[in-house]
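*Asks:* Dumping what Swiss-Prot says about this protein:
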BINDING   110, 111, 112, 113  (6S)-5,6,7,8-tetrahydrofolate binding site
């Protein structure tokens with residue numbers, strides 16, 4: 001079976017690796033173009049999928065768009081049986097969707113139709129969802145609207161971070177995709193339309209959302225911290241030894257106590273919220289590495305959180 005793989009971030013890599021490992025012929029990898037990196041943006045960094053594909057000698061294509069006739073002709077010339085799409089980052093026009101003999105299949109990190117869109121992992125945690133999952137669906141022209149082929153649910157534990165859920169769903173996605181490809185080869189892959197009710201959209205995370213608002217209930221603050229960990233990272237300003245610093249908050253738990261929002265309630269970094277309190281568990285100063293709260297506080301005095 002001739003496969004074109006389309007993906008960009010680290011999340012996609014285990015799925016690409018599994019497809020290669022199970023003997024499928026990956027004839028091309030499509031990924032986002034290299035992006036500027038470094039302090040001055042003078043270096044170009046290739047995506048994780050780009051790096052992995054080159055390790056296996058797979059031709060890599062990095063178009064900025066697939067809307068043009070030339071790019072669509074190149075894609076069609078690959079004569080793929082199927083295209084596998086996992087967090088690629090570009091919308092696929094009808095000409096691309098129709099080119100593979102068996103269609104295009106997407107690995108999506110939510111229980112559709114909940115959390116269609118760009119940031120399903122973060123949004124599920126930030127909303128306080130108790131479960132999510134991984135789904136394989138056949139793509140159509142809508143945004144994550146196609147019929148579902150396979151799904152697996154995953155519980156979201158109370159202190160689970162987006163990073164932990166990301167890794168779990170990526171591995172589940174690899175297993176599901178291999179099962180889906182096998183069923184596709186056997187012509188036994190059943191498709192079920194998505195439910196019409198329960199549709200929500202997982203908008204891309206805005207930088208403004210990363211600043212913690214201590215006037216919100218503790219549950220919401222906690223969900224924001226873990227939903228934005230490790231990237232882009234929730235943050236606040238702290239008065240440390242008399243100077244105000246910006247600090248990233250990577251882990252937290254629900255705490256006990258109450259007070260004016262932002263009040264430091266004890267020497268374990270329990271912070272009062274609009275309702276209840278949150279205990280900060282892992283913090284990161286600018287230019288430093290994430291540290292457990294006890295280590296972060298060594299020799300430091302936090303008097304105020306803004």
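Each residue, glycine too, has its Cβ placed from N, Cα and C.
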*Asks:* Setting 110, 111, 112, 113 aside, what same-chain residues sit with their Cβ within 8 Å of the center of the Cβ atoms that define the (6S)-5,6,7,8-tetrahydrofolate site, listed in sequence order?
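*Replies:* Here the nearby residues are 108, 114, 115, 116, 120, 133, 135, 144, 194, 198.
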*Asks:* Check residue 113 ((6S)-5,6,7,8-tetrahydrofolate binding site) against DSSP and tell me helix, strand or coil, would you?
*Replies:* coil
*Asks:* Enter the number of other CB atoms within 10 angstroms of the CB of residue 112 ((6S)-5,6,7,8-tetrahydrofolate binding site).
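*Replies:* A 10 Å sphere around the Cβ of residue 112 ((6S)-5,6,7,8-tetrahydrofolate binding site) contains 24 other Cβ atoms.
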